[in-house]
Amino acid sequence: MAKNNTNRHYSLRKLKKGTASVAVALSVIGAGLVVNTNEVSARVFPRGTVENPDKARELLNKYDVENSMLQANNDKLTTENKNLTDQNKELKAEENRLTTENKGLTKKLSEAEEEAANKEQESKETIGTLKKILDETVKDKIAREQKSKQDIGALKQELAKKDEGNKVSEASRKGLRRDLDASREAKKQVEKDLANLTAELDKVKEEKQISDASRKGLRRDLDASREAKKQVEKDLANLTAELDKVKEEKQISDASRQGLRRDLDASREAKKQVEKALEEANSKLAALEKLNKELEESKKLTEKEKAELQAKLEAEAKALKEQLAKQAEELAKLRAGKASDSQTPDAKPGNKVVPGKGQAPQAGTKPNQNKAPMKETKRQLPSTGETANPFFTAAALTVMATAGVAAVVKRKEEN
């Protein structure tokens, strides 16, 4: 009966396996448990206590509560131990990071100390040079003072010998005073010259640094200009060859179509476009010449203004290169169109157009059937099939713009 009652109130799942077995065995045979944080001890109850199931249950419940509290305490300590372990890992990682950062800072400090030592050495050398100049100046001044003293001594001796002549003596005293004043003025002048030499030395050093930087920049600009000139000359040669070929093809095309009115209109329109392109090219050439003058005047400008002017010139050169590429592409398209047009017969048999005469409509056809094709041919060149904007406008503009760039680059290189 007592065994059945005690089994209903056991709550030993949270105890260790050995502790639970001992507790169950002791409770069955009539023993009590005393549970501490680190150990489980057993003591034998008197016979009367074992025979009292209520008291045994009360003790077991009490031990169960204490065991639960200890288990909760143990879980809490385990969690805190885990947190402390994680914090320890983080602190170690932070320590490693700080150690690495300390090494980097130590290296930077060493480099800074080395740079400071180099600067200090340069300063010492400069001070040594100035000190040498100062010593030479002081020696010169001392020599002059010695000479002045010797002159004064000689004058004094001469004055002692000529005491009888008061006028001569007075004149000698005045001359001595003048020499003394001149000596003092010479001393002041020497000190002033020394200060001026020191200032000029500093100024010369600064100008030398600026001159070195400017010379390097001008050398880079000259090299870039030479490369740009070579590229422009190469592009100009290619475009000139293309232009000659296109001109030859145009002459052939014009010779075969001199009697057509629409070619004359297209030629007039092309002339207007060429004149307009010539004006644009002249304006661009004037702008390039202005930029060249600004480049020549940039020798007196600051480094910042030189950089801005160089960027402007590079942007202009880039725009011209893009224009050259675009126009070369247009020339290629025109050549392809001309080649396809040369393979097409000029007119169908029976529909040959006589220059200066209109074509009568065929029998059985309406007169307005050919209006749309005629309107279309007026908007196109017969040789290439392109629109009324003549194909040689782009070529002329390319040649003139390229020639202007080449002239500017040549002037820049000569300057």
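Keep in mind that glycine also has a Cβ here, set from the backbone N, Cα and C atoms.
Taken from Swiss-Prot, the feature coiled coil covers 54-133 (among others).
The coiled coil annotation in Swiss-Prot covers 170-340 (among others), and the record cites sequence analysis as its basis. The coiled coil (170-340) scores a mean pLDDT of 75 in the predicted structure.
Among the features that Swiss-Prot reports, pentaglycyl murein peptidoglycan amidated threonine is placed at Thr384.
Under the heading region 'Hydrophilic', Swiss-Prot lists 280-343.
Annotation comment: Swiss-Prot describes 69-75 as repeat '1'.
Secondary structure of the repeat '2' (76-82) per DSSP (helix as H, G, I; strand as E, B; remaining residues coil): 7 helix, 0 strand, 0 coil. For 76-82, the entry in Swiss-Prot reads repeat '2'.
DSSP labels the residues of the repeat '3' (83-89) in these numbers: 7 helix, 0 strand, 0 coil. As annotated by Swiss-Prot, repeat '3' applies to 83-89.
Per Swiss-Prot, the feature repeat '4' maps to 90-96.
Sorting the repeat '5' (97-103) by DSSP state (H, G, I as helix; E, B as strand; all else coil) yields 7 helix, 0 strand, 0 coil. Summarising the annotation, Swiss-Prot assigns repeat '5' to 97-103.
Feature annotation from Swiss-Prot assigns repeat 'C 1' to 160-194.
Here Swiss-Prot flags 202-236 as repeat 'C 2', drawing on sequence analysis.
The repeat 'C 3' feature in Swiss-Prot is assigned to 244-278; the stated evidence is sequence analysis.
What Swiss-Prot lists as repeat 'D 1' is 311-316.
Positions annotated as repeat 'D 2' by Swiss-Prot: 317-322.
What Swiss-Prot records for 325-330 is repeat 'D 3', and it gives sequence analysis as the kind of evidence.
Annotation source Swiss-Prot lists repeat 'D 4' at 332-337.
Among residues of the same chain six or more beyond the repeat '3' (83-89), none has a C-beta under 8 A of the stretch's C-beta atoms. Here the repeat 'D 2' (317-322) is broken down by DSSP into helix, strand and coil counts: 6 helix, 0 strand, 0 coil.
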